[in-house]
Amino acid sequence: MSSTVSYWILNSTRNSIATLQGGRRLYSRYVSNRNKLKWRLFSRVPPTLNSSPCGGFTLCKAYRHTSTEEDDFHLQLSPEQINEVLRAGETTHKILDLESRVPNSVLRFESNQLAANSPVEDRRGVASCLQTNGLMFGIFDGHGGHACAQAVSERLFYYVAVSLMSHQTLEHMEGAMESMKPLLPILHWLKHPGDSIYKDVTSVHLDHLRVYWQELLDLHMEMGLSIEEALMYSFQRLDSDISLEIQAPLEDEVTRNLSLQVAFSGATACMAHVDGIHLHVANAGDCRAILGVQEDNGMWSCLPLTRDHNAWNQAELSRLKREHPESEDRTIIMEDRLLGVLIPCRAFGDVQLKWSKELQRSILERGFNTEALNIYQFTPPHYYTPPYLTAEPEVTYHRLRPQDKFLVLASDGLWDMLSNEDVVRLVVGHLAEADWHKTDLAQRPANLGLMQSLLLQRKASGLHEADQNAATRLIRHAIGNNEYGEMEAERLAAMLTLPEDLARMYRDDITVTVVYFNSESIGAYYKGG
């Protein structure tokens, strides 16, 4: 069955766009025509943050940019203002049994997002599957604009959910469409602050999703795809649909322009599917997922579930060299970037690294206002044997155990600043701090005197006002820690006060979701088995 599905998925797209199988980074992810850049490629020397003689904080600009501000400027934010900025995008959601068809292995999730780009190019998503089992969590990191990340965040979960449906459920879906009756609900979305959808193209997206489930019906699989197959094929099929949509004649100008933006921008993606004790993670690009594990002796460790797809990954370099002629070995990766322009080696969209030159030219000559649409009109040097980029994910399976306490998914804006071990340590500290607070209040009746005492203890121990959200704590430390891993209030304030055109030079968009597991529920699976 797998070979049949593989043949179908690879041959369901046009030959012209066939998808192939299979230290710290520069923050600028995509380098377009360098003569058109507002700033040129910058060095790996980090920007400097120095204490000012007057006791404030001075940020010295390290790169050329378009601001007309003075080169040095004084920055101050109160602790209350810092908290307001950091917590604006946070959300916490407890998973109820009614949101899953089986006993939950997930207790709750906490999420937050801090923008560096304007508008922010990251997206995130959480949804439960209503016709099958499972919860899905996703992080989507856009580049060259937010359009592709927005589209993938809206659509990918639907492709996965449809892939997992039984033949009978798919027949019910198709029958409803043919008779113009309401469709079965597919997903229940758990929303975040700032979530939005592209309403103008919803019908187009549904049409392509329908074609996908019609082809699944033609395979006559009673139980649907396995989760691993569903993740693998959903990533590739959605990327193919994104590419096909701009090639099809579209009369509506809004739809046409939006499809162009989605196809020519790009997005990396990392998503997790949790069904009882079964955890699958699919990753394409340089977002990342890790597990926080507590052993029986109380010691904590980090278990990586993904590998970054970039020039620092030797397996990715080998894959790229296998897929292209030996004559291109020295040009596939230049300046630690794919063809010298893109850091991640796997991504949705970015058709300028997938299509032939002829296809790109024919699409862009249809009268689009590409300058107004922020479309890159150039072909990288040494562009001989496309496609160079793929959206095929690496899929990891992990059988959850009682010692697996939490999962962290985040865009590379977090991992550029903190190591895997730092992230686990900070989440563990967050949990310990919350337990300390609860224990003190539980042991003694709460009153104003007790609360004042706790606040004084916190101040004496050097703790800032406790973040109720672990994702917020991670973002706080990502941008506020100095080179020794210590939080500096002045540095944090400076990083949050950067002008829009300068912020991107010092940090990336950061999006984080922390998923907490129910150890008792997970343990019950093993006892029951």
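Using the three backbone atoms N, Cα and C, a Cβ is placed for every residue, glycine included.
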Of Asp239, Asp501, Asp508, the one that Swiss-Prot places in the same Mn(2+) 2 site as Asp141, Asp412 is Asp508
For the domain 'PPM-type phosphatase' (106-517), what's the model's average pLDDT?
90
Report the same-chain neighbours of Gly142 (Mn(2+) 1 binding site): residues 6+ apart in sequence with Cβ closer than 8 Å to its Cβ, ordered by sequence.
Glu121, Asp122, Arg123, Cys148, Ala149, Gln150, Ser265, Gly266, Ala267
What three-state secondary structure does DSSP assign to Gly142 (Mn(2+) 1 binding site)?
strand
Mapped onto three states, the DSSP assignment of Asp508 (Mn(2+) 2 binding site) reads coil
For Asp141 (Mn(2+) 1 binding site) and Asp412 (Mn(2+) 2 binding site), determine the Cα separation and express it in whole Å.
8
Counting across all protein chains shown, how many other Cβ atoms sit within 10 Å of the Cβ of Asp508 (Mn(2+) 2 binding site)?
28
